[in-house]
Amino acid sequence: MPKINLLLLCGGGGAEHDISLMSARFFESSLAKSDKFSVLKLVLDKHGHYHTEDGKLCDLTNRREIRFEDNSTPAWSVDYVIPCIHGFPGETGDIQSYFNLIQLPYFGCESEASSNCFNKITAKMWFSALGVPNTPYIFLHQLDDDAIKQTETAFDNWGSVFVKAASQGSSVGCYKVDVKANIANVLKDAFSYAPYVVVEQTIHARELEVAVYQYQGEVVATLPGEIICDSNTFYSFDEKYATNSKARTDVVADNLSPEISQLIRDYAVKAFKGMKLRHLSRIDFFLTADNQILLNEINTFPGLTPISMFPKMLQNHGHNFTEYLIDVIGQQVDLT
């Protein structure tokens, strides 16, 4: 059987562009351990242009081919694509819509599921409809005096709030507000990232994560891992990726009862199946001191950097990432 031509697409030009490049390197190294794939990695820039790592411009056509601007390079037929793009246009579902249009099989969640999870307002409506408890919130559709008053009222009721751009990556356009006088400026910043904003009650709780993925025909939910931040910080974009980050990650959370651990995993699977996710996800929860479980968010294309939790939790669960990729891809294209 000849190798399949696998397009590894990364970048996107957004706030998480560089993280996407790091994740793509993990995919490259994992795919290289198999003899089933011929891999072409392309970077998508902020202008929507595709190019190779050495700068050759190209395009993905509706004939499922990569055609190069330089006519001396022959067209490259694409059998399968991994859209390793965090944020727009990957996790938003936009690029998946194009793949569907040209009937190109791809890795990861489909367009509607991606869009529903990426928008924090839509996601919360789904969580509630599925009976999965989540953090108390209000949402705002424009920056005006009424929005500021609503947020100030929420602050008065809850004592502290998180203000989040509704349609950005998990830590992009996200601000913790402990001083009421800062609300107007924070809202202005959040609205610069997205047309809708979510204001959530600050939850003082443990931050737990579950890797949920499909493998050998089953939906797998790992034991919860934990993000442990300094008491004066939250898991912001900088805390995730800065070299001097004070945060640490535990692949398996300590001091978690079997009953609570299983309930978190059950909620994660319920959300995965109910929202019709596919292939992979990282589902994040809060656990309060009185054992209240709250779903925080779903990441439909979690990071795969050296510090990322998803690949570590998958491996800790006893699965090999390369074998996992072969299994998922083999459900869609013939690898025999």
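A Cβ is built for glycine as well, from the same backbone N, Cα and C atoms used for every other residue.
Listed in Swiss-Prot for this protein:
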DOMAIN    124-330  domain 'ATP-grasp'
BINDING   154-209  ATP binding site
BINDING   Asp284, Glu297  Mg(2+) 1 binding site
BINDING   Glu297, Asn299  Mg(2+) 2 binding site
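Where Swiss-Prot records a feature, it is marked here on the structure.
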{"residue": "Ala154", "record": "ATP binding site", "contacts (Cβ under 8 Å, 6+ apart)": "Ile138, Val161, Val199, Gln201"}
{"residue": "Gln168", "record": "ATP binding site", "contacts (Cβ under 8 Å, 6+ apart)": "Ala15, Gly87, Cys174, Tyr193, Ala194"}
{"residue": "Tyr175", "record": "ATP binding site", "contacts (Cβ under 8 Å, 6+ apart)": "Phe162, Val163, Lys164, Val186, Asp189, Ala190"}
{"residue": "Asn182", "record": "ATP binding site", "contacts (Cβ under 8 Å, 6+ apart)": "none"}
{"residue": "Tyr196", "record": "ATP binding site", "contacts (Cβ under 8 Å, 6+ apart)": "Asn119, Ile121, Phe139, Leu140, His141, Ala165, Ala166, Ser167"}
{"residue": "Ile203", "record": "ATP binding site", "contacts (Cβ under 8 Å, 6+ apart)": "Thr135, Phe286, Thr288, Leu294"}
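Shown are the binding-site residues Asp189, Asp284, Glu297; the one with the most C-beta atoms within 10 angstroms of its own C-beta is Asp284. Here the Cβ of Asn299 (Mg(2+) 2 binding site) has 20 other Cβ atoms within 10 Å, regardless of which shown protein chain they belong to. Along the domain 'ATP-grasp' (124-330), the predicted structure has mean pLDDT 93.
A strand conformation is recorded for Val161 (ATP binding site) in the three-state DSSP classification. In the three-state DSSP scheme, Tyr175 (ATP binding site) is classed as strand. Rounded to a whole number, the distance between the Cα atoms of Asp284 (Mg(2+) 1 binding site) and Asn299 (Mg(2+) 2 binding site) is 8 Å.
With a 10 A radius on its CB, Val161 (ATP binding site) counts 26 other CB atoms from all the protein chains.
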